[in-house]
Amino acid sequence: MEFVKQADTEVFEAMQAEKNRQQDKIELIASENFVTKAVMDAMGSILTNKYAEGYPGKRYYGGCEHVDVVENLARDRAKELFGADHANVQPHSGAQANMAVYSAVLEPGDTVLGMNLNHGGHLTHGSPVNFSGQLYNFVDYGVDKETEQLDYDAVLEKAKEVKPKLIVAGASAYSRSINFAKFREIADAVDAYLMVDMAHIAGLVATGEHENPVPHADFVTTTTHKTLRGPRGGMILCKEEFAKKVDKAIFPGIQGGPLMHVIAAKAVSFKEALSDDFKAYSKQIVANAKLLGEALNKEGIRIVSGGTDNHLLLLDVTPLQLTGKVAEKALDDIGITTNKNTIPFDQESPFVTSGIRIGTAAVTTRGFGEEEMKEIASIISLTLKHHEDEAKLKEAAQRVQALTEKFTLYA
């Protein structure tokens, strides 16, 4: 950051402060992770200088022979990771990947079946405040009130009732495995396309820790950060028959020039994800999440659906007489970063919520293991149960500091 320091002290100081925040706090936001230095180097490379509208071998600018190599590496590695026919690595985000699939196969007003945001879905799965809910007729499905898990029979009944052109599977706050084969059966029963948004679980899918949606779905979208531990960006995988439609939907449909420095970082992260080290890392993410959930349960913290099958846990804080907003602030004050989150059948607004969402991808990258999960659960319990007790909060903050000093970030 030395060049930034010389050129712009204000930006440098903000970057330095953020570096300190990441070092000094425990990152439990489920959608965040820490990239490797190699990925970071690619992101900050000279490839940011190159415009490359189009696709490898078919660009609208000259001088693209080297960025073509980079994009082909990213595409080939993505296909190898997930066993896909086709990969488009140009989407700037997961939201744009979803938008591209919608525009490739839908007309405005078409009916789509997606997961309710309050039950664990995503804004781009039909929220009325999002383009998806404004352009298309989204109808939602949710979880069973008793089990707080997906009820596939209910999803099938809803699909038969509304006859969607597209079914969207995948979630942003659902801690259980998703049966993609069952979603394929449901889609086939109503002659619908199936799109899976695996943004949260892509890293787990790549290593076999979660069922792979690629053999079942017509389209699979994802972000490249989160459990995949790449740069912030998006990607679309699809069957060969949809490749041209998908590519056209991205460019020239909704994007212009691709971010070649980000695509380079994607390529690097995909190579990392193909390694045995990443497989071990991914396995540890799930082990840590399960252990953290068990430890929190022993502390008397209610876990939505009773546990987790992936990297994510959704905590219901209402039995503690708290809101998600208050819980998030209390934890942040002692050095644990989370986010307030709605839970199924939540009575609070999205700005208040009844829960918090946590995940283990970032802390696992940092080196935290089973003993640290038990300690984190104990600290969370102490903080939430005594959120107005200064002595208890001071103790919690000191215990957080002991953990962050033990596991240095970007040493």
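Cβ atoms here come from the backbone N, Cα and C positions, even for glycine.
Remember, predicted model here, so these are calculated numbers, not experimental data.
Record features (Swiss-Prot):
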- L117, G121, H122, L123, E241, S349, P350, F351: (6S)-5,6,7,8-tetrahydrofolate binding site (BINDING)
- K226: N6-(pyridoxal phosphate)lysine (MOD_RES)
- H225: site 'Plays an important role in substrate specificity' (SITE)
Recorded positions listed as H122, H225, K226, least Cβ neighbours within 10 Å: H122
Rounded inter-Cα distance in Å - H122 ((6S)-5,6,7,8-tetrahydrofolate binding site), the residue listed as 'N6-(pyridoxal phosphate)lysine': 15
For G121 ((6S)-5,6,7,8-tetrahydrofolate binding site), the number of other Cβ atoms found within 10 Å of its own Cβ: 25
Local Cβ density at L117 ((6S)-5,6,7,8-tetrahydrofolate binding site) - other Cβ atoms counted within 10 Å: 24
Where L117 ((6S)-5,6,7,8-tetrahydrofolate binding site) falls in three-state DSSP terms: helix
Cβ-Cβ neighbours of L123 ((6S)-5,6,7,8-tetrahydrofolate binding site) (radius 10 Å): 16
Which binding-site residues sit within 10 Å of H225 (site 'Plays an important role in substrate specificity') - Cα, from L117, E241, P350: none
C-beta crowding around S349 ((6S)-5,6,7,8-tetrahydrofolate binding site), within 10 angstroms: 10
The residue listed as 'N6-(pyridoxal phosphate)lysine' versus E241 ((6S)-5,6,7,8-tetrahydrofolate binding site) - Cα distance in angstrom: 29
